[in-house]
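So that you can see what the record holds, here are the features copied from TrEMBL:
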TRANSMEM  12-32  transmembrane segment
TRANSMEM  70-94  transmembrane segment
DOMAIN    71-274  domain 'ABC transmembrane type-1'
TRANSMEM  106-127  transmembrane segment
TRANSMEM  147-171  transmembrane segment
TRANSMEM  206-228  transmembrane segment
TRANSMEM  253-274  transmembrane segment
Amino acid sequence: MLRADYAALGPYSLWALLFILVPLVFVAYYAFTDNNFQFTLENVQRFFTATSSVLQEDGSSAEVHTYLLIFWRSLKLAVISTVICLVLAYPLAYIMARAKPRTQKIFLTIIMIPMWMNFLIRTYAWMTILQDTGIFNNFLTLLHLPNVHIIGTEAAVVIGMVYDYIPYMILPLYSIMAKMDEKLIEAARDLGCNGLGVLRRVIWPLSLPGVISGVTMVLIPSVSTFYISQKLGDGKIMLIGDVIEGQYVANNLHFAAAIAFILMILLLVCMAVMRKLASRHVEGGL
């Protein structure tokens, strides 16, 4: 039986080796070599030390760390998008998990339909909605309200991220919540817990694996996205994914690989810390 288990893992192990491990090795190799493929730390150092002049509101200029500033902007928008996705997805996933089987299927179909469409088409659809002469501003005009300029702002980028990635938050939460034992919730209520107490002491700790999975599946692509920022940000909101793409287009493969490698390490560290804190919370809450 043990030999059969190892045989079953063979195709997956081969897939992981060819399409996960080998590409990561190549990224690391390019990150720590120069154009002559000699070992160097220059690419990594450039990410942390490169500076540029930025015009401030008072008209003066200031030196800022270019790539660190872009990274923090990317992380900020990704965290905002992830929090919004979690706030919206959590109650919806709970409602789905407690609904009748037929209703659950309807909900899942509605959530999955946008995912069947091309990513570019969905982004262009939001451009049509949010642009100055788009559907949203036309609706405001009908209500005799002032138009709002959204395209080219961080708000537009966040809206695009939330729309594109919220299914990846809903589905893990729903998967975990659907397996919750209803008797635990009933027991908590019988012991005097109100709705908030049941949520805090029972539902939330039990759903943490889904929360961690959802946050991971939303945060990582949000940090590294570039097409959403190019279209909904109108080229004015530069994110770290845009920098990586730009360096590859400019044939600066080694520096692009260094940025991607640093981003991967930082995200892995964040995920490890988050999982550690979540495991402590579960142990303390149960």
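Here the Cβ of each residue, glycine as well, is placed from N, Cα and C on the backbone.
Unlike curated records, TrEMBL annotations are generated automatically.
It is 147-171 that, among the stretches 106-127, 147-171, 253-274, forms the most Cβ pairs under 8 Å with the transmembrane segment (206-228). Most Cβ pairs within less than 8 Å of the transmembrane segment (12-32), among stretches 70-94, 106-127, 147-171, 253-274, belong to 253-274. For the transmembrane segment (106-127), the residues of the chain that approach it from at least six positions outside its boundaries are 92, 95-96, 99, 134, 151, 156, 159-160, 163-164, 167, 170-171, 174, 227-228, 231-232, judged by C-beta separation under 8 angstroms.
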